[in-house]
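Participant: What TrEMBL records for this protein is below:
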type	residues	note
DOMAIN	13-86	domain 'Glycine transporter'
TRANSMEM	38-58	transmembrane segment
TRANSMEM	70-89	transmembrane segment
DOMAIN	99-172	domain 'Glycine transporter'
TRANSMEM	120-140	transmembrane segment
TRANSMEM	152-173	transmembrane segment
TRANSMEM	179-198	transmembrane segment
REGION	224-253	region 'Disordered'
Amino acid sequence: MYGSGHLTELFRVLDLTGVLANATLGGVIARAEKLDPFGFATLAVLSGLGGGIIRDVLLQHGTPVALTDYAYLLTALVGAAISFVIRVQGRAWDRVWPIIDAVALGTWAAAGAAKTLAAGLGWLPAVLLGMITAVGGGVVRDVVLRRIPGVLGGNTLYATCALGAAGVLVLLSTNGHPTVGLVAATIFGAGLCIIARWRGWMLPSADAWSPARVVPPAYRQRIRQRIDPEARQRRRAAQTDSAPETARPEETP
């Protein structure tokens with residue numbers, strides 16, 4: 001097993017703290033979308049438990065822990081109730097939430113990778129399922145709301161941090177240091193996520209790698225005239241003024 005009883009209990013506390021924080025975030029989003037109490041509960045459960053449920057279903061290694069350990073589901077519902085009763089916002093929330101979220105990301109990625117290795121799978125599934133554990137709930141929540149998931153771009157590093165944390169866990173566990181791997185992976189994932197938020201680190205977009213497109217001036221002018229009707233009218237007027245007048249035949253008396 002991974003680590004002693006004290007370490008296991010510590011990770012359970014961190015895990016449930018992450019569930020509470022992300023469930024509360026789901027409730028905050030539900031308030032922004034003007035949903036009813038059922039909507040609050042749904043988004044809270046998806047945000048707080050979705051990644052772990054997806055992982056356990058893919059592993060097919062027993063019933064998802066969120067359904068066997070009532071503390072997880074009850075914690076998610078508490079997060080929904082908090083965000084429903086209290087308008088969670090302000091400077092204190094903005095300062096505390098990123099830290100809790102980063103620690104939860106590192107914890108979930110490490111726990112997901114460790115559970116995958118314990119199920120007998122290799123390093124690649126462990127890294128992937130570690131990432132899915134950390135970000136899967138938020139992705140499902142955004143899809144339900146018909147949003148582009150935030151981990152797909154336009155935000156600071158998040159899924160990348162989960163991949164790194166899961167990679168650290170796999171590297172140390174396969175070399176005989178599973179307990180150190182759990183701690184190191186959590187610290188690495190949380191630290192990288194916090195630094196990425198602070199420094200604004202993002203993955204480059206496709207446009208940053210694409211060569212600059214040079215548009216010929218004549219073609220650029222034609223595009224501008226198609227977009228701007230007034231420019232097209234001015235061009236036609238200029239062509240009419242510059243056209244030579246045709247000689248008219250003299251009238252015979």
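Glycine too: its Cβ is placed from the backbone N, Cα and C atoms.
Whatever TrEMBL says is automated annotation, not expert-curated.
Each of the listed features needs to be described in terms of its position in the shown structure.
Facilitator: Per-residue pLDDT, averaged along the domain 'Glycine transporter' (13-86), amounts to 92 for this model.
If one looks beyond the transmembrane segment (70-89) by at least 6 residues along the same chain, the residues whose Cβ comes under 8 Å of a Cβ in the stretch are 16, 19-28, 30-31, 37, 40-41, 43-45, 47-49, 52.
Helix, strand and coil content of the domain 'Glycine transporter' (99-172), in residues and according to DSSP, is 59 helix, 0 strand, 15 coil.
Long-range contacts of the transmembrane segment (152-173) within its own chain (CB-CB distance under 8 A, at least 6 residues past either end) are made by residues 102, 105-106, 108-110, 112-114, 117, 123, 126-131, 133-135, 180-182, 184-186, 188-190, 192-193, 196-197, 200-203, 205.
Residues 2-4, 7, 11, 14, 98-99, 101-103, 105-107, 109-111, 113-114, 134, 156-158, 160-162, 164-166, 168-173 of the same chain sit 6 or more residues outside the transmembrane segment (179-198) yet have a Cβ under 8 Å from a Cβ within it.
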